[in-house]
Amino acid sequence: MNTTHNEKDHKDLEISHVDHVVPQTELGDKAADIGMALSKLRFDELSIPRTIWVFRRSVLVCLAVYTDYVCEGFELGAGGSIVANQGFIKQFATVKDQTGVRGLDPTWLSTWSALLNVGQIVTFTHISWVADRFGRKVSFYLAWVWLVVGCVFLNTAKTPSVWALAKLCNGAGIGVLQITCQVYAMEICPNRIRGGMITFQAVWSNIGGIVVAVMMQQLNQKHPDDYLLAMRILWAPIGLMIVFWAFVPESPWFHARRGDGEKALRSLRQLYGNVPGYDFEEEYGIIQRTIAHENLLLDNKPSFKDVFRGLNLRRTLTVMILAVCQQFAGLTIINTYSTYFFSLAGLADPFLGSVILSCCNLLAIMLWSAFTDKLGRRLIINYCETFVTIILLVVGGMYYTGATPGNGQTESTNAAASNGLLVICCFWTFAFQTIGMSYYLYSAELPTAVLRIRTGPVTFFTNSITGIASCYATPPLLLALNVRAGFVYGAFSVPCCIVMWFFIPETRARSAAEIDELYEKRIPAWRWSKTVTDAELQMRKAVAARSARVAVA
């Protein structure tokens, strides 16, 4: 495929584009041969800001897909905050305490949280088949249907069982999104900014979380009996996402895997048609070679069993470790049940505590998205896991400082200690977001292209199972131990922290072919960042050959 772009375009892009047809010189023929065998794009040499600008269309497509995460943040935030709303308690209270005051049944509290994970498990049984058979876009629409049904139940529920059904449907919708969106972003984003774009979905999620946190705080003050107001607003992002998704192209990797080159090239043009000097045939060739190589290793019959075979087992286990670490890092005690946690801790305004944590979440995610492709993943993730483990132990120790009432030493709350606990939790949530986002990032990056959509359900299933256990264990744990529950989660986090240092690799700016190569060569996780791959050498030779040919001309 010839290109006719002038020399200025190439200088603006800071790299050179290698034509498939070059002058018949020894150097030109060599460059052409190298170009035909590339497994890594030459655009990977661009700076991060330049990559964002050059590939702005695919970036905008990715952001449009992420609209659904506003619903996820809304749902996850509302789950922990709305249970402290007086109107909600009046509607769904089924038990009475010793004084005759009606309250929420702890079993229902655990069930509502657990059903979010159960809903995800329901979709994990079939979403990989749907995404591989009908495409990523069909999976998006399936998630939308689940969320619409869940929203209807949220707005009409009058009994705990119907509210539980709403949680189940929303969990199913979120489950579809968690698997499909990460894979889609992995397949359309340039390698240079892939990490930041995959993790940026959490910005949308936290915006939803902040909206619901502020809303519940104001609702608790001004309209304590009208909990449905927050549920009605959920319709806005649901309506917005279907509008955006209508204009999102299908993933070119999906079409390439089915051997439909024409549709794959059409998707590539929709995503990168505005990029000067972009060779669609070359990119399609890279996709084809990556898929063909992986199919050869799997004997052309990829299945769920292959996720646990050979080198794929190590990839899967790495993401599963992150899935378990996310739950053991105190997610349920400080995040899911944040308002409940702060009310037990004696904070004057527990809803305000949730708002502050949500703002910290947003700041942490924005910084992580901005710098993950600049600074890398491995060291930051492992340092954050170590820090979170220490923080959990400190949170448990705050019980003995008078941060909570009824600790055996005083029946009143030490205001300074309670505020100190909030500050410590802010540090926790800042570090935890890095761990949480790394789980989603690595679930998209580490699996092979052929098994990517099959590995997702397995690792997310692991996360959901541990999530269900945590959701059922946390309410009684908080009632029995108060903030000393931090000791329990801190103890679980210690072995997780140690294992992560040995298993988590550095994937910054690595293409799918490079990740395959590093695993096939059995490079230890701690040496990935310093290893030069064959794909990287090929790309450098191609750029050098082009530069030399231009200099001769």
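Quick reminder: no glycine exception, Cβ is built from N, Cα and C everywhere.
Annotations in TrEMBL come from automatic prediction, not curation.
Here's what TrEMBL has on this protein:
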{"type": "DOMAIN", "residues": "61-508", "note": "domain 'Major facilitator superfamily (MFS) profile'"}
{"type": "TRANSMEM", "residues": "138-157", "note": "transmembrane segment"}
{"type": "TRANSMEM", "residues": "163-185", "note": "transmembrane segment"}
{"type": "TRANSMEM", "residues": "197-215", "note": "transmembrane segment"}
{"type": "TRANSMEM", "residues": "227-248", "note": "transmembrane segment"}
{"type": "TRANSMEM", "residues": "317-338", "note": "transmembrane segment"}
{"type": "TRANSMEM", "residues": "350-368", "note": "transmembrane segment"}
{"type": "TRANSMEM", "residues": "380-400", "note": "transmembrane segment"}
{"type": "TRANSMEM", "residues": "420-442", "note": "transmembrane segment"}
{"type": "TRANSMEM", "residues": "454-475", "note": "transmembrane segment"}
{"type": "TRANSMEM", "residues": "487-504", "note": "transmembrane segment"}
Contact set, same chain, for the transmembrane segment (197-215): CB under 8 Å, 6 or more residues outside the stretch: 59, 62-63, 66-78, 81, 181-182, 185-186, 189, 229-230, 233, 237, 351, 354-355, 357-359, 361-362, 365-366, 368-369, 372, 433, 436-438, 440-441, 444-445
Leading contact stretch, 227-248, 317-338, 420-442, 454-475, 487-504 vs the transmembrane segment (163-185) - CB distance under 8 Å: 454-475
Contact call for the transmembrane segment (317-338) and the transmembrane segment (227-248): at least 3 Cβ pairs under 8 Å, seq gap 6+: no
Among 138-157, 227-248, 380-400, 420-442, 454-475, stretch most in contact with the transmembrane segment (487-504) (C-beta, under 8 angstroms): 380-400
The domain 'Major facilitator superfamily (MFS) profile' (61-508) [mean pLDDT, rounded to integer]: 82
